[in-house]
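Below you'll find the structure, written out as structure tokens, and then a few comments.
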Number of protein chains: 2
Amino acid sequence: MATTVIVHFGHRGPHHTVVVASGGLDSTVLAYWLAARHSRLTLVSFDYGQRHRVELDYATEIARLLDSSHRVIDLTSLGALLTGSALTNTSVPVPDGHYTDESLASTVVPNRNAIMLDVAVSVAIAVHADAVAFGAHAGDHTVYPDCRPEFVERFARSVEAANEGLLTPGFQVLAPFLTLTKTDIVRVGEALSVPFALTWSCYRGQHVHCGRCSTCVERRRAFRDNNIPDPTAYETG
Amino acid sequence: MATTVIVHFGHRGPHHTVVVASGGLDSTVLAYWLAARHSRLTLVSFDYGQRHRVELDYATEIARLLDSSHRVIDLTSLGALLTGSALTNTSVPVPDGHYTDESLASTVVPNRNAIMLDVAVSVAIAVHADAVAFGAHAGDHTVYPDCRPEFVERFARSVEAANEGLLTPGFQVLAPFLTLTKTDIVRVGEALSVPFALTWSCYRGQHVHCGRCSTCVERRRAFRDNNIPDPTAYETG
């Protein structure tokens with residue numbers, strides 16, 4: 001397991017973390033990882049009109065299992081403006097295939113992580129939490145610039161300036177999986193007994209995972225590479 | 001008029017600016033200021049459950065006068081979470097008085113400007129605009145850390161990292177009034193023939209301006225200090 005990347009203004013573990021929880025595999029493992037480190041959790045999810053919004057139900061179930069509060073923020077009026085992305089516009093097809101620049105360009109929702117993290121910071125201030133966390137990992141870096149260490153560092157500095165005097169002392173912006181691969185994350189999750197069957201990855205958002213879109217391909221490979229049984233029901237074998 | 005503060009990654013005036021337009025005096029003068037500099041405009045307003053949401057109707061009218069598109073982003077589900085602020089919680093009274101740390105603490109919506117600016121960036125990428133702008137001014141600095149130059153600088157660096165390869169070349173984060181007082185802004189607006197009667201400041205959000213809350217007090221003073229007729233109807237003379 002590679003080094004974790006954590007941006008902090010203090011020097012201790014968080015007492016209460018607001019987690020950007022999509023209902024996907026990465027953020028679910030992140031929530032279990034933080035719970036194992038004795039942080040109280042508040043999960044925040046976003047409905048931005050994503051076609052795979054079934055993931056929100058999975059986040060609700062995970063919050064229940066972790067005995068944490070869960071808030072779904074309605075950003076559908078923003079999603080309606082972002083007509084260029086396959087994740088919000090059902091007339092743009094979700095591409096099959098692996099994580100490459102070309103096939104994933106249409107799955108970029110511009111500035112998405114900054115908006116979600118900003119909201120998480122706002123909630124953190126309101127509930128007096130001392131950290132926000134999100135589950136970006138190394139596999140995201142190629143296509144999504146807002147999943148790179150450079151972004152997290154700069155974002156944290158901006159948060160610090162934007163909320164001077166409002167943040168809980170020692171406030172942290174956490175992206176502990178930033179240098180991990182999906183395979184690493186599945187291994188971490190297995191050690192934490194994460195209920196993988198209660199996580200959703202597929203961008204197509206049907207009743208079962210399609211098995212062919214980029215995130216399904218990556219999910220399947222992560223289990224296979226770890227020799228860990230994959231509990232996911234896929235449409236294609 | 002003091003120096004304008006503009007953070008840019010290029011070296012020219014914007015062709016198309018997404019303006020965070022509240023319907024208030026500052027952002028309305030800002031929109032006219034940009035229009036006078038030949039920028040195409042997209043106005044973006046936010047409904048976060050503010051009790052003074054009458055301001056949104058004023059923004060719509062200004063967009064119509066400036067022949068620009070206008071989008072209202074619904075953030076009411078976020079506003080419902082932020083129960084500590086007088087601007088969103090009707091059980092917290094809006095304080096009377098001047099802009100001081102003490103009286104305005106309850107009007108802080110945590111991280112609000114970062115959220116609104118990040119949404120504006122998202123819209124800017126979607127519509128291929130080359131700038132975002134907001135109307136923060138010097139009078140805001142004492143109480144609102146997200147209206148200070150330090151925040152704008154750091155925010156712009158974060159935007160640059162978050163959206164590498166997605167931003168229009170030369171993308172700018174504009175806060176041209178950051179070093180101006182409200183009195184300065186009224187003078188700028190007067191020169192641009194801004195229809196001040198179509199702007200809303202009052203935090204109490206009734207049919208006429210209350211004339212007593214901090215933003216009403218500041219508004220009245222700005223007209224008086226300039227010897228410019230104040231077209232605003234105030235509840236108290």
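Heads up, the Cβ atoms here are built off N, Cα and C, so glycines get one too.
According to DSSP, A:A31 (ATP binding site) is assigned to a helical segment. The Cβ neighbour count for A:A31 (ATP binding site), using a 10 Å radius over every protein chain in view, is 27. If you look up TrEMBL, you'll see A:A21, A:S22, A:G23, A:G24, A:L25, A:D26, A:S27, A:T28, A:V29, A:L30, A:A31 marked as ATP binding site.
Per TrEMBL, Zn(2+) binding site is recorded for A:C202, A:C210, A:C213, A:C216. Its Cβ taken as reference, A:C210 (Zn(2+) binding site) is surrounded by 20 other Cβ atoms within 10 Å in the chains shown.
Comparing local CB density within 10 A for the binding-site residues A:A21, A:L25, A:C213, A:C216, the maximum falls on A:A21. The residues near the ATP site, meaning same-chain residues not in A:A21, A:S22, A:G23, A:G24, A:L25, A:D26, A:S27, A:T28, A:V29, A:L30, A:A31 whose C-beta sits within 8 angstroms of the mean position of the site's C-beta atoms, are A:V19, A:A59, A:I62, A:G135, A:T199, in sequence order. Across the fold, the C-alpha of A:G23 (ATP binding site) and the C-alpha of A:C210 (Zn(2+) binding site) stand 17 Å from each other.
DSSP classifies A:G23 (ATP binding site) as coil under the three-state reduction.
Other C-beta atoms found within 10 angstroms of the C-beta of A:G23 (ATP binding site) number 24, with every protein chain shown included. Between the alpha carbons (Cα) of A:C210 (Zn(2+) binding site) and A:V29 (ATP binding site) lies a span of roughly 22 Å.
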